[in-house]
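Colleague: Got a structure for you, questions after.
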Amino acid sequence: MASQQGGYPPQEGYGQPAGYGSPTQQHAGMAAGAPVQGHAGGKKKRAYAGEAFEIGSGANAALGGQLPAGGSYGAYPPQPQAAGYQQPVYGADPSQMNAAAPGYTAPVTPGIAQMTQQFGAMGVTDPHLMPPQPPQAAVAPQAPRPVPLNQLYPTDLLTQPFNVAELDYPPPPIVLPPGTSVYPSPTANCPPKYVRSTLNAVPTTHSLLKKSKLPFALVIQPYASLRDAEDPIPVIPDQVISRCRRCRSYINPFVTFLDHGHRWRCNMCNLTNDVPQAFDWDAALQKPADRSLRPDLNHAVVEFVAPQEYMVRPPQPLVYLFLIDVSYASVTNGLLATSARCIKESLDRIPNADRRTRLGFIAVDSSLHYFSIPRDGSENSDPRMLVISDLDEPFLPIPGDLLVTLSECRENIETFLDKLQEMFQNTQNNGCAMGSALRAGYKLIAPVGGKMTVLSSSLPNVGHGSLTMREDKKVLGTSKESSLLQTANSFYKSFAVECSKAQVSVDMFLFSSQYQDVASLSNLPRYTGGQTYFYPGWNAARGEDAIKFAREFSEYLSSEIGLEAVLRVRATTGLRMNTFYGNFFNRSSDLCAFPAFPRDQAYVVEVAIDETVTKPIVCLQTAVLHTTCNGERRIRVLTLALPTTQNLADVYASADQQAIATYFSHKAVERVLSSGLEPAREALQAKAVELLSTYRKELAGGSVSGGGLQFPANLRGLPVLFLAMIKNLGLRKSAQIPTDMRSAALCLLSTLPLPLLIQYIYPKMYSLHDMPDIAGLPDEQTGEIVLPPPVNLSSERIVPYGLYLIDDGQTQFLWVGRDAVPQLLLDVFGLPDRSQLRVGKQNLPELDNDFNQRVRAVIEKSRDHRSKGVGSIVVPHLYVVKEDGEPGLRLWAQTMLVEDRADQSVSLVQWMGSLREKV
């Protein structure tokens with residue numbers, strides 16, 4: 001099985017899920033339909049002799065394309081459809097075949113909600129520009145107010161089922177009163193890709209927030225790419241930084257100028273401050289500047305170059321210390337050779353504009369091997385290896401030569417990396433003293449700070465922080481399983497806190513085919529602003545494995561991280577930052593410390609309402625003080641303004657379902673680590689029931705008309721996302737999930753940026769055999785590859801002759817139906833016969849035909865993080881899965897179909913029914 005699956009651990013063959021309605025059974029009855037009449041509209045683009053075509057069947061039948069402008073929330077008009085690869089010979093009545101469930105009915109005025117969404121996406125929030133809201137569609141009479149907020153559109157979750165396309169809608173628009181910002185700039189408010197609030201209309205009192213049962217939290221992702229050039233924002237170089245004397249907020253587009261512009265009133269605490277003398281002076285041109293053009297008054301997201309007083313010490317250089325496992329396991333699976341080659345090939349990509357970047361290397365087996373690398377041009381250019389066997393108190397031999405400047409030693413670093421593999425190629429050493437190596441590395445870089453990058457294939461089994469094999473298959477799926485997700489050795493938490501104080505960050509790259517205790521090791525990244533990257537069953541002999549790691553590690557090394565960073569969130573008087581979630585160390589009640597600030601993670605901050613808010617808007621300002629890779633101290637400031645309301649209907653109508661799901665993902669991980677898996681799953685279900693009950697009681701008049709399940713249009717996806725979370729690898733009830741897989745999933749659930757997290761919880765599925773003609777080709781306007789419309793994750797949407805891509809952002813599956821026609825297999829795989837199709841990890845062949853090129857374009861576009869507005873190093877593996885092929889692989893792919901019944905979990909229909917009963 002391992003060979004077929006390409007390294008997926010053998011124990012990961014999920015047991016045959018009880019009641020997993022296999023696509024085979026679900027479609028068996030459809031083959032007996034009437035013979036197909038007619039042909040595909042005369043299209044000759046893909047005329048396959050002997051193939052019957054139909055328009056309007058298959059998963060894309062009811063979707064057929066992107067949502068047209070003016071379409072209403074949830075109503076998906078049919079589109080012109082490509083004649084796809086359909087079933088061979090036998091026909092099926094298209095009316096029975098997988099027609100997508102109809103969207104819920106439009107509001108009384110067609111298209112209002114969709115237009116509202118589109119205005120929100122464009123940043124148009126002036127109420128005079130908003131379409132008139134239909135009073136007859138509103139729920140609960142509203143108190144008169146100067147600006148109408150978003151309307152509440154009730155829908156029935158049972159009669160109008162969730163459609164996956166709803167997850168692609170922008171959040172409810174932020175509707176601010178006119179004249180809120182000091183200048184009418186379209187960029188005055190923070191875009192959702194940087195900061196999203198769970199509530200886009202904020203209750204004025206704690207009691208109203210409590211009554212709503214909704215969380216008030218921010219999802220913060222200060223960077224939308226791995227490198228500045230990919231997502232430039234305004235940088236203010238003049239070092240004139242105007243801050244409030246009392247609350248220390250930064251001047252922003254929502255302040256008010258007084259006294260002929262000589263003073264400004266803080267929009268957080270109302271204090272009046274003097275405008276700095278140099279505020280209206282252009283230092284570069286040495287002449288007065290136009291204040292209305294200042295970036296900090298027009299842009300919600302800006303970066304200030306910080307003056308001397310923002311530094312505790314001079315900006316430190318970028319330091320990478322590589323701790324490389326050279327034990328028998330690491331040499332035999334190819335990790336040592338692959339990582340050495342990859343570092344060598346990425347030396348030009350490591351940020352080094354200021355030519356101060358420093359590198360160091362420690363090799364680890366049962367001893368520690370330090371390497372002294374001479375400068376280029378030295379008499380002796382050979383690296384020297386120094387072996388330390390005292391693991392309890394590892395000392396630093398000649399510490400001055402162990403961290404070398406990349407620019408000065410470039411050639412000799414390459415020489416060293418070429419020789420590293422040879423030094424250990426005959427090893428039989430099974431020891432791994434990684435804990436002691438971390439201690440030694442800490443001593444080496446603590447004076448300057450930096451990153452320790454661990455590359456390991458073994459369980460640390462000697463020296464500091466040694467761990468034992470504690471996974472017991474008998475406890476998997478039981479209440480005792482949660483203990484395996486806790487840290488086994490207190491060293492990892494206490495050492496992580498030490499690292500954080502010395503500005504040392506740790507990233508873990510873990511490659512074991514055996515148990516590696518990810519639960520313990522992941523504490524190091526968790527408290528130091530790092531990340532855990534997990535490669536189960538990895539082996540460089542499989543080209544796909546080697547290429548995936550090489551691409552990801554090269555991206556990792558080229559990322560422009562921030563150093564010595566702190567993050568703080570300030571807000572309007574009456575609001576308080578309550579709890580922080582993410583990978584960092586909480587240094588004080590409101591200060592998060594990051595020895596290195598990554599660009600591929602998001603953070604969640606829960607907000608408390610301590611006092612009644614009297615203003616029509618509140619502001620929340622995130623500031624990240626950091627040193628760039630190039631040695632410049634900067635402050636990235638992100639300011640978000642939100643309207644306030646005393647009306648519960650407004651709160652619900654402006655709630656952001658994806659931000660709420662992200663908040664509860666972090667809460668669920670916290671609950672797993674503190675109380676266990678079952679309490680976390682129960683808490684999610686209880687929350688879903690509580691929200692539905694509150695809405696019914698407070699806003700739907702308490703009635704249960706016709707046995708429905710009422711919820712607002714903008715939150716329709718929330719119950720589905722909760723179910724998908726409960727079924728995620730990190731939380732799912734199962735006796736088949738290895739502890740390391742689960743721990744790695746929990747790391748993702750608590751760090752992924754919002755778009756990637758939602759996709760990880762509710763993966764994307766695209767029907768490829770019948771995708772629209774424009775799919776897989778560049779859009780005429782944007783040049784971006786067009787994706788087919790997404791399909792709900794249910795086996796009812798899968799036809800036996802179909803080809804589907806299922807993608808959760810970490811792994812991609814190409815599902816080939818058991819009745820796929822030969823021409824489809826020939827076009828996509830270049831194989832005339834289905835029996836020749838190899839399953840498992842692979843890359844699609846590049847063939848000279850239109851359809852193969854489009855399928856490959858869709859697969860590649862689905863991996864494109866930049867178009868999602870996030871940075872990520874991940875390159876998902878592609879697994880080819882045959883519907884009637886290798887069972888373990890097929891069952892793994894089917895766990896992505898979160899709307900189906902599986903293993904020990906319910907289907908979406910059963911879940912909605914149980915929520916209905918409890919409500």
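Heads up, the Cβ atoms here are built off N, Cα and C, so glycines get one too.
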Colleague: Which one of 88-113, 244-269, 660-685 shows up in Swiss-Prot as region 'Zinc finger-like'?
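Modeller: From Swiss-Prot, the annotated region 'Zinc finger-like' range turns out to be 244-269.
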Colleague: Please spell out the DSSP helix, strand and coil residue counts for the region 'Zinc finger-like' (244-269).
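Modeller: Tallying H, G and I as helix, E and B as strand, the rest coil: 3 helix, 7 strand, 16 coil.
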Colleague: Write out the long-range same-chain contacts of CYS266 (Zn(2+) binding site), meaning residues 6 or more apart in sequence whose Cβ is under 8 Å from its Cβ.
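Modeller: CYS266 (Zn(2+) binding site) has long-range Cβ partners CYS244, ARG246, CYS247, SER249, VAL255, THR272, ASN273.
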Colleague: Quick one: among the binding-site residues CYS244, CYS247, CYS269, which has the most Cβ atoms sitting within 10 Å of its own Cβ?
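Modeller: That would be CYS244, with the highest Cβ count within 10 Å.
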